[in-house]
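For reference, the structure is listed below as structure tokens.
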Amino acid sequence: MKKVCVIGWPVEHSRSPLIHNYWIGLHGIEGAVYERLAVPPDAAAETIRNLGGLGFIGANVTVPHKETAFAALARHDAIAKRLKAVNTIVTTPAGLEGRNTDGYGFIANLKDRAPGWDAKAGPAVLLGAGGAARAIAAALEDEGAPEIRIINRTPSRAEALARDLGLRNALVFADGEAKTALDGAALLVNTTTLGMKGESDVDLDISPLPAPALVTDIVYTPLETRLLRRAREAGYKTVDGLGMLLHQAVPGFEAWFGVRPQVTPELRALVLADMGMK
């Protein structure tokens, strides 16, 4: 039996089991199963270290345990070390290894949904300075973005993010300086939960963005956030956040089962149907 799980608190909302079990069935991997494992914060570190004893060959890690997983594991890939956060755990000959595929998922989604997109085209503007912003900023820099501009209500938090990641060309802006931040940018990314169902919307005038700019959002419920709708109506190219979820799952599945799965229209339709969307 090859068992893998997603660890979180809560974890009932996770669509990782739907994604991975779809791929397991598609590729005919016998004896494999992917399940949810709800783990409270005070038990997370011990559970993560004892994954093998619980019968798991690997795991995904979701909020609020990504930083706990990093601290609990002795081995990490280079990206997890830089981010100090783990979303994928793999069994290696040397033991459990923590990895982070969030940035990979973000970049792969843009390349998939916006063919021809190039990070080198110009500055990238990030709204927010939380955990998702860390992964996305690092990935964009690695992809060749010439400048990372971070807009955050608390500039000191954005400055700490840039310093901690060692970003080479980062600029920080307060909320009131958004017009300057957007001037000449090639990409705008909402890395916050603003715009998600039950949350307030992103309050931002995007008109200073040049016409060729791409606008994307990590939120995928709703699939088209108010930010994306406004951008689309203003003539900008847009990419929704669902693909980031789908693409970040690819490297882990390959590491666990030895097969590299594809993010297809069928998989996207399956997840959208589960979300009550079409």
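A Cβ is built for glycine as well, from the same backbone N, Cα and C atoms used for every other residue.
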From ILE107, ILE218, the one annotated by Swiss-Prot with GLY128, ALA129, GLY130, GLY131, ALA132, ASN152, ARG153, THR154, PRO155, SER156, ARG157, GLY241 for NADP(+):
ILE218
Looking at shikimate binding as recorded in Swiss-Prot, which candidate out of ASN87, ASN169, ASN190 goes with SER14, ARG15, SER16, THR62, ASP102, TYR220?
ASN87
Can you tell me whether DSSP puts PRO155 (NADP(+) binding site) in helix, strand or coil?
helix
Cα distance (Å, whole number) from LYS66 (active site, proton acceptor) to TYR220 (shikimate binding site):
20
Going by DSSP, give the three-state secondary structure for SER16 (shikimate binding site).
helix
